[in-house]
Each structure stands twice: as C-alpha cells, then as structure tokens.
Amino acid sequence: MFLHSVNLWNVAFYALMVFMATLGLWDVFFGFEENKCSMSYMFEYPEYQKIQLPKKLAKRYPAYELYLYGEGSYAEEHKILPLTGIPVLFLPGNAGSYKQVRSVGSIALRKAEDIDFKYHFDFFSVNFNEELVALYGGSLQKQTKFVHECIKTILKLYKGQEFAPKSVAIIGHSMGGLVARALLTLKNFKQDLINLLITQATPHVAPVLPLDRFITDFYMTVNNYWILNARHINLTTLSVAGGFRDYQVRSGLTFLPKLSHHTSALSVVSSAVPKTWVSTDHLSIVWCKQLQLTTVRAFFDLIDADTKQITQNPKKKLSVLNHHFIRHPAKHFEENPAIISDLTGTSMWVPVKVSKWTYVAYNESDKIYFTFPLANHRKIYTHVYCQSTMLDTNSWIFGCINSTSMCRQGIDLSWKAELLPTIKSLTLRLQDYPSLSHLVVYVPSVHGSKFVVDCEFFKKETRTIQLPVTHLFSFGLSSRKVLLNTSGLFYNIELLNFGQIYQAFKINVVSKCSGVKEEITSIYKLHIPWSYEDSLTIAQVPSSTEISLKLHIAQPENESQVALLKMYTSSDCQYEVTVKTSFSQILGQVVRFHGGALPAYVTSSILLAYGGQLYSLFSTGHCLEYATMLDKQAKPYKVDPFVLMIKFLLGYKWFKELWDVLLLPELDAIVLTSQSMCFPLVSLVLFLFGTCTAYWGGLLSSTSVRLLSSLWLALKRPPELPKDIKMISLDLPFLTIVLIIVSWTTCGAFAILLTYLYYVFKIVHLQASLATFKNSQTVNLKHSRRNEKKSNHHKDSTVHYLHLSANDAEDSLRMHNTVINLLTWIVLLSMPSLIYWLKNLRYYFKLSPDPCKPLAFILIPTMAILGNTHTVSIKSSFVPPCPKHSCCCVLSWCYLGLCLETQ
C-alpha cells in the first residue's frame, strides 16, 4: 500500500538520491589511500601499574583510574615509587582505552635505552571507563576535574628528587585533547602545571555531532576562554589531524583558531608531517609508528640539559615542533645552529660552470667540493635548485662570500633544505643572496653506497605553469591539461580557481621516459599555502598516477597565494598533467562537512508530510498516504526562506539581543559562513537527501509494523477493532506518571525508549486488528456501511463514545506510521545518553546531568495521548480546519528549531 501511493517517477527520483548519497558515503568511508602506517610493537610485555589515588578522590570518581605504563625491567624498577623521569600524561578520547598509551610509551622507552637512560619519560594514562564523551557531553566537565587531580597526584610522585618536575606534558587523543584544553578554564587551575600539549585527531573547532547542549556548552566555554585569554596563554600546543582516512573527525575540525597574538599553536595534518607522510584513521593515529617516532624525537629534543625536564623556553618548544612536524631540513635539531661552517681538510675542489649538472657518487675515496660561480648565472637565471638522494643528516650545501675558486668558510645553507621521502632538496632565489659569490655542494667519501646529486639554474617563469581547474558542474566530462616538455628537475603547477571545500578533482600525471634502464622515482607534492595539509605521492616512472585534489580548510578571503602541485621530476621523462572534476568526491565533501545536519532535514521532511496529512484530514475527512504527502509537502521553498530571513534579521543588534534573551542557539547558517563552509546549493542537496531518507525510512517503518502485526496474529488470538474510542483511557494517566517517574529517577532516554515501544505496541495492535477485520468472513459490505453511518451519527452527537470503522482505522494507521517514523529518529539521537547510562549503571543509578530529561517530560504525555488517538476522534473535535499556508509556516518554524539544535 505504501509503494502504491507514489508513482514510478518519484520512486526513480528517490532511488537516484540513494545512489548519489551512496557515492558520497563511499568517498568518505572508502575513497582514500590504503593504510600505510607501520604497526608499533612492544619489545617486552606491557604493564600498567595502577596509581593509588587519595580515598576522597577515588570515592568522588569511582569509574576513573590513573595508570603508569612500563615494560620489562623498567616496569619492575618503577613499582617502587618515587619516580625520576619526565612525566607525560596520555588522555584517551571517545570510548578510548588507557592502554592506547603503549605505542608512544614503548617507543620512548626504546629511545631512552639507546642513550643509556640519560633522560627518560614516565608515561601515565587515565582510564575514563571508555565513556562516549563525543556523543554525551555530561561527563566532560567531570573528566576535566579528574585530570586536574591526576596532574597534582603525578607531580607528588617526584617529590624529593634532584630534578623534580613542576609540570607535565599531555598527549590527548580525540576528545582527550579537548579535555586537556578545558583544564585552563578551571578556577583553581595553574597554567604552569602543563608545559606542552599535543592533541591527536581532536575536534577543537566544534563537536562532530552536537547531540546535546552539554557538548555545545562545553565547546563554547573552552573556545571562548582560549580566544578571550589568548594573550595570557603561553601553553605551546600542537594539533595533529589524521587526514582523509579519519572519517570520524574531519581534519578541518582539528585546526586550532589562528590568532595574531597567539603564535604558540600549530596545526598540521599527518600527511604533511616529515618522516610520516601518511594519512591515519581515528584509531591508528595513536599507534602509527611513523607518527609516534616523530613525536618521541620531538620529546627528546625538548629536554633542557640543565633541568633534565622539558624546556620552559616557548621559542625552543616552537622551534622543535616546527623542525619535526612542519619542515624538516634533513639535519638533527640544534637550538642555535652554526651558520658559518669550516670548509677545510684534504678535499678536492672542482669548479662547475654549466647551468645543469649531475654527479653520481659511488665508492668515493675523497671528499669533493663542487663550486658553482654565481656571477654569470645571476644575469640569466633567477633561481637555483639542488637535490641529493643521500639522506644523511650532515651539511651538504654551502655559500661562499667573495671567493674565487675555493673558500675556507661558508654559510651553511643545508638548514634551508627540505626533506622528502627519497631526496633532500633546496631551492634558492639568487637575488635573496647578493653577497654569495659561489655555491658549494659537498660530496663526502662513501664506501659501498651510491647516491646522486643534481643542480640546475632556471628562470622562475619557465618552471611555473598555471593550470585552471575545471568547473564544479562539468561532472568530469571535460578536462584541462598541461604538458611538461622541458628537461627540468622541478616544476610548480599553480592550480587556479581552487580554494573551496566543495571543490574536488582528480589529477592524472602520465610520465613517459626514453632510454631509461633504471627505475626512476618522481614525487608529486600537493602544497596548500594557507594550512599545513600537504600530501605527497611517490610514483615510479614511467607510469600513470592519479591524485585526489580536495581541501580540509577553505582558502581565507585575505589569502592571495594559490594551491600548488610541486613536481620533483626526472630530466629524462616527459609529464602530462590532466585535471577534471570528480562528482563522487564532491558528494563526499558534502557528506563529510554537512552529514551531521542530515537528521534535521529528515525530521523536517517528516513534519511537513505530517502537516499535509493533518490538512488532508481536516479538509477532506481522510488522511492520505505518507509517501503522497511527502511528495506534495516536502519542498525546500517552504523552509529555506525562513532560515534566510532569520539570518538576515540576526544582523541587527536588537534582534540578536532578543534571540539571546530567548536562549536560542546560534543559527547554523551563520556558523557555516564564518567557517567558509557554505556550499552552493548545499541546503537544497541536503534537503533532497533528507526527503529521500524520510521516504525510505517511512517505507521501512510501515513494513516493520506490518511484519510485527503478522507475528502478533501468528502468536495470539486475532484482536478486534475497538468499539468505543476514548481520547483518555483509565490507564493512560497512570502509565504517563510511571514513565515520567522513570525519566526523573533513572534516564530520560530510557523513558523515551519505553514510550516508543509502548507506541509501537499500540500501532501493531491496531494493524493486527485491521487485518483481522478485513479478513473476517462474517463482515459484509452492507454491514460495514451501516457501521459507518452509525459512526457518523455518533460523531454528530457525542465525542465520548465513537466507533472505529475500517476506513478510520486505515487513516489512523497512516498518521501513526508517520509519527513512528519521526519517533524513531528521536530515539536514535537519544541513544548515546542511554548507552552511557547503561555502561555506568554500576556506579550511578541516575544519569546526571541528563540532556534528554526535558524532552522526555514533553514527549511522554504527548505520545501517550497520540497513541490512543484515532482520526475519527480528531474529525469529531471542534478545532476548525487550519489554513494550508499557516500549517506549513508552523512546520517550517519547527524545522528551523531542529536545524538549530543539530548545530
């Protein structure tokens, strides 16, 4: 009956929407590179020593614990406190385990063994009982206060030591990073207790799914504090995102706000981290060996040799983090590197006068200095580029001042180089170094190893190529390409008109080589100048390589630089670069950035359909099918104008003050605009997706009710249609009071679930009764018409004793199925609170705070009445028919409220 109410064109349209949504979901969940992270293994059995907390603290937080990580002999030695190392506290995230500390803890322990425990770190971890804090925000404040107590407990373990720490470093995964930032908002918290904060896949900007007001309030408190007190916050903070593999927390949410007066914060995507260069998913970011090695190297470089603790110098902290996480020059970190280096010893000096030079070193017995005079090259070229495949950490390129053929001292230019997976490279603009007379490339003596050094002088305009991206609505049917014919080693391809998050493209690089016997490697680096979200692709040429081109952060309005495709190529090959729009990845960006708002669009479509059914009931006396009304009423032009009007009015101070007085949340459209997340036609796309979801959800709920009623009839005696219809039965007030008491004393979500089950039970019973009535052999058409006349007579005379006909029962079922569809979404969105309550039932019988309790107080009596209401009683009421446009207006306001709640 549900499918018969819509025509084939509508079914085809809804099927098309499912196909498009599937494309978007596939891109989010599967459209990324394979996991290239190496697993980090423990060399000895990991042990977690529980730290004894004060009795009052343990009683106040019975579900939380503090552990010290250790392995082998280290674990045995440190069972006897106090400790002597450098404390690091790990905070797990949503549903995270305290045992996730083992990867970074084990690598740090191996590093300490390599230096004979001259320095070592003690890794602590908090057990938050794997709470779902990303979905239920009621425990975030409690976790923050517990972490504060843990920090004070940890520091007490070092009392009496010669180099006792006064602060701890914190690594926070997911929501654990937000809890760490929230420490600064506590009244009695001293900022000096934290010397460094590293967050991994932490959504700093906004919650992934704002399912309750406690999450949004917590975010608002933390972010407002950090913005308003930025001048006084000296905490060095690093945020590492997972990239496109992390579909749980999109990387755009992990970027800390850029404030001109707060320069001690860095945000980077793992694919851009030197020596890591991989995207990580939400869990692998804590065990990815490449990333954890980088983190541990940074920790050891942060140690102050005098205090044997992490340095208190903010400039050094930022320098170390920049060195390891932003740009690595292929040299060990030095706080004050020597700019002038001695170029002496028994070495050969070889002058090179050509503009392009290659040297293959193999079993070199002597050190060689190759000198490039710059005087003549300055007249012709603007830049010089050099690269080496020898990835050691020694200095390899220098600049001589006022020299003829050789110099005793040179400026070490190696610090300006950049480390890449297969080479280290350096690009210099000649006019920036007017005092240099020669460029010197150093080739050390090597035995048994082979490496290649290349240098070339070039004009910038010959190596910079502009490539405009294709239009958003070209759907991949058209493409644009460039051909690199010259034999250069390095190219910059400027990707024009690319800077919005809704843009997505596929770049195909085809390389053709002639006379190449050995395997050659090329590197394609996508460089985004306004955020550290670069990604690298390594290709063995000749080959055809596909690169995905999309953004985590949109280009700021005041940013003039464009995105670049940096190509480190082979001079023996030709390259053809083609770009075209990827429609599936555009849909993926819509889902990635706005998928959390989909429930609001779904419920708005259901409410519009329900309003249409009410209007149909009042105007014609019959309720039309849900699918028919969804097709007629669920139109975006009935909703979007009101949202645009509210957005416009909020620009006026008086309306904004009135909005705040009514305690209404911030309009999501304004938030999206401030974050440069407004897609063209995004509201229309999401509305279509929401209507499609509402349609198939209605089909599923209707089918489920029919199946349950069939099961009911198979297990129990067939029921009959109720003869007397009453709005309020005798047991209804009692049931309502019981459910409200359950909501008050236990959990609001639990009471909502019970109400939902009660409602489903009533509708299944009605469906079974109707099926029995239709199949009954004793009821004929004449008798049925007589009953309907009798029912109509009763409608005119009284509202207390109404008879339910088959047509009335069918109308009631249509209305109730729509309500069940809406209730299902309410129950699904309240599930996190229920799961949290069930997991902590052994500690707390009553959920506090409870975000679903106010909703339960409203929903329980409403659903109790609706569950006992039939269309015959509605038609018999004295409520006049509401105008169609008035109904739509009310429903539009309901939709607006839902949109606001989801944001």
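Note: Cβ is positioned from N, Cα and C throughout, glycine not excepted.
Feature annotation from TrEMBL assigns domain 'GPI inositol-deacylase PGAP1-like alpha/beta' to 83-301. Annotated domain 'GPI inositol-deacylase transmembrane' per TrEMBL: 597-875, in sequence order. Residues or ranges marked as transmembrane segment by TrEMBL: 12-32, 598-618, 667-689, 735-759, 819-838.
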Looking at the stretches 12-32, 735-759, 819-838, which one shares the most CB pairs under 8 Å with the transmembrane segment (598-618)?
819-838
Chain residues in Cβ proximity to the transmembrane segment (735-759) (below 8 Å; excluding those fewer than six residues from its ends, i.e. six or more beyond):
816, 819-820, 823-824, 826-827, 830-831, 833-834, 837, 845-847, 850-857, 859-861, 863-864, 866-867
Tertiary contacts of the transmembrane segment (819-838) (same chain, 6+ residues out, Cβ under 8 Å):
131-132, 135-136, 138-139, 211-212, 599, 602-603, 606-607, 610, 626, 694, 697-698, 701, 705, 746-750, 752-753, 756, 759-760, 763, 844, 847, 850-852, 855, 859, 863, 866
Do you know the mean pLDDT across the domain 'GPI inositol-deacylase PGAP1-like alpha/beta' (83-301)?
92
